[in-house]
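*Asks:* Pasting a structure below so you can have a look.
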């Protein structure tokens, strides 16, 4: 630490400015002007697009022209600026998703607000009452039945996907001979590739009638079978992430254990799995995220009647999940009901985002612990 | 299953010991297969098998199985069988044995005392605790065989004595009426018990101890892997089997039977006619088809790729080559992974709120393309980034040593070296989005049946106009169909379908088959490309 960095804030700030000044000095003026015009035009086009202006095309054309010119004359700097803009686009898209779905869910939140100790809490009634009825009075948009449905389906799916997925990942990464691995691994990938609507179709034509007959329920659609199908669809995610985690355990750790005379299985349970534990749990968490967001299979196989099952553990009846609510009702919904669908979307989005960030944190910690690159 | 992991050490033991445990493993496998066959209605619960009613037969086999495994355990304990047991079966085995005994206790208690009563739970806790203790405290050869063998015998007795017969029904007495019937309970019971006893038998086959646990665990892991592959094969085979009749309706092969295809002014008559993929839906058609949906899917994928691939690769270049690690790159990584796991229906909602008002206030092909592009972007970014990170730094150093600029290094060294990984990732990503229904549901989808005249023609649709934005393409701004949406619409349309097509069910399955073929061909190409590139890299 030198004396100039006593105050870290201003220190780095000044260094940034110095760096920027040096960069400007070194770069050709022509290149700088081109890139500045290009970025301004792109920002203007973005602003125009957000403001729903038909003039958006003008700055966008200017952007294309300057980018083309820059590509021919100052390729180095133009490429750098363009790739930076592309990188920022991922942040932009995530930001736009947040803004737009939150914004669209606002009106219904204020409609469903409730007074608690004299304080108006927007949207509270959606989570305290259990009535969803968009037609007859009193019109209520409770999310509780759908949250219950999503929860039940996710729990069943996790019970299916987590043990089978981790076992399959162990098989692929530690046990299988190369020839077998070359068959099973693409198989798991193809399982992920089968479109969810096809899973749903098979569930709808085969599983639902079967379940209705065997469990003697009135009508078709059970959370039990939706959960199993969704678990099957989340399985590939669990397998591939857990397999990555297991194979990132250093070979030296495993060899050390085997050299003491353990069986392969003992090495797996007492060395490999504990070392990769956080990665494997991240895999399960990501699988849970997939299961929560699964839409089409649930939409096709469920009843589409938003209510709680009676009793709550009655998994033989499948009413509605957050995802299937959106997919089923977007068509005839308008006004507050459409906004209520956005609330369902917001709940899904926030839950899954938290899950994603949590699993990334777990994976980051694991890589740090194993001493690999962070 | 266990024979797959048989080693020289194990096969050196006496034959008779092996035979008992081996028979138990084989019997468990037989019961496993039998329970699956019952689930798939190949074997009926009410029917007979080799002249014996199914339920008592299964019961008898379960008793035999339980008896065999207990005999083996006691024989080992008394020293008649040469094994190497540990002092205890361990915590995992104890918990594993306690769970089914708890379930058995609760079920018996609930059936006798009525469901939901506390008595069932108490009975379950007692039986579970006894099973736990019986597994954890004695030596391993007793602990890992007795409780599980007894469970098998109990299940067998229940089936053999007719307490659960073929016509058995237990009404759960819930507000929303539901019952457990023999058709579900008998195979489920058999499946669970055969897995448990198979595990215990595999442990016994390995002579208990560390090696026994190894064999037991491997048996389960192999069964699991085999089941996953079996599920995949069954799914694919089933869809193909059911889809073929609809697909081949009215198919003809021969000179001059197919429709005319014009290309560069040349018109050729195809020698094959496959109306299902060559026609739309029209009143006068002999056979109806899904051509508009196929073309819609094609353009949808093209649009998403044009949007997402340059963005994703550009961002990957910036992140791996230019950016220093800091807050910005970290934020981008978190955002990318967040986008990757965002549910597809949320993308649909976003497209509905963001894109539709900006593209003519109606569902359109363009909105669908961009929505799918948003979904594809994180996939492309993540795979491209991995591919670029795996390019060795020596390549970059060697190029930089020649005195070229960074961008030239990226363009002529990094990108070509990373190309195989990027291409594979893009193809797999495309396969994924081509089958997505939820995002296009809200942004693009049109009707259930699309007339052939509405097949989109994007290239021919461009026009110049006098008002801003000066370029217009009505084809892009129309709602059109795509295969996954078409299948969804066909399913939800239900019985109202009968008037438009001769055989609605065949039509649905054929649509599913075409969708599966389109999506899986992307996967086949992607997996094949990866395999090819890997082989090539290994040999060079």
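Heads up, the Cβ atoms here are built off N, Cα and C, so glycines get one too.
The structure displayed is predicted, hence computed values, not measured ones.
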*Asks:* If I go by TrEMBL, the feature transmembrane segment sits on one of B:339-357, B:396-414. Which?
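*Replies:* Per TrEMBL, the stretch marked transmembrane segment is B:339-357.
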*Asks:* Hey, which bits of the same chain come close to the transmembrane segment (B:144-164), Cβ under 8 Å, at least six residues off its ends?
*Replies:* 55-56, 58-70, 72-74, 89, 93, 97, 100-101, 104, 131, 134-135, 138, 182, 185-186, 189-190, 193, 196-197, 199-200, 203-204, 208
*Asks:* Establish whether the number of Cβ pairs under 8 Å between the transmembrane segment (B:217-241) and the transmembrane segment (B:90-112) reaches at least three, counting only pairs separated by 6 or more residues.
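*Replies:* Touching, no - the transmembrane segment (B:217-241) and the transmembrane segment (B:90-112) miss the threshold of 3 or more Cβ pairs under 8 Å.
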*Asks:* Other than its close neighbours in sequence, what residues sit by the transmembrane segment (B:52-78), given a CB gap under 8 Å and a spacing of at least six beyond its ends?
*Replies:* 17, 20-21, 23-24, 27-28, 30-31, 34-35, 38, 43-46, 85, 139, 141-142, 144-146, 148-162, 164-166, 182, 186, 190, 193-194, 197, 200-201, 204, 208
*Asks:* Among B:118-137, B:184-205, B:296-319, B:364-382, point out the range having the most Cβ pairs under 8 angstroms from the transmembrane segment (B:20-40).
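*Replies:* Going through each listed stretch, the top one turns out to be B:184-205.
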*Asks:* Do the transmembrane segment (B:184-205) and the transmembrane segment (B:364-382) come together with 3 or more C-beta pairs under 8 Å, pairs six or more apart in sequence?
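*Replies:* Answer no: the transmembrane segment (B:184-205) and the transmembrane segment (B:364-382) share fewer than 3 Cβ pairs below 8 Å.
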*Asks:* Please report, as numbers and ranges, the same-chain residues at least 6 past the borders of the transmembrane segment (B:90-112) whose CB is under 8 Å from any CB of it.
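*Replies:* Residues packing against the transmembrane segment (B:90-112) from afar: 119-132, 134-136, 140, 143-144, 147-148, 151, 154, 170, 192-193, 196, 199, 213.
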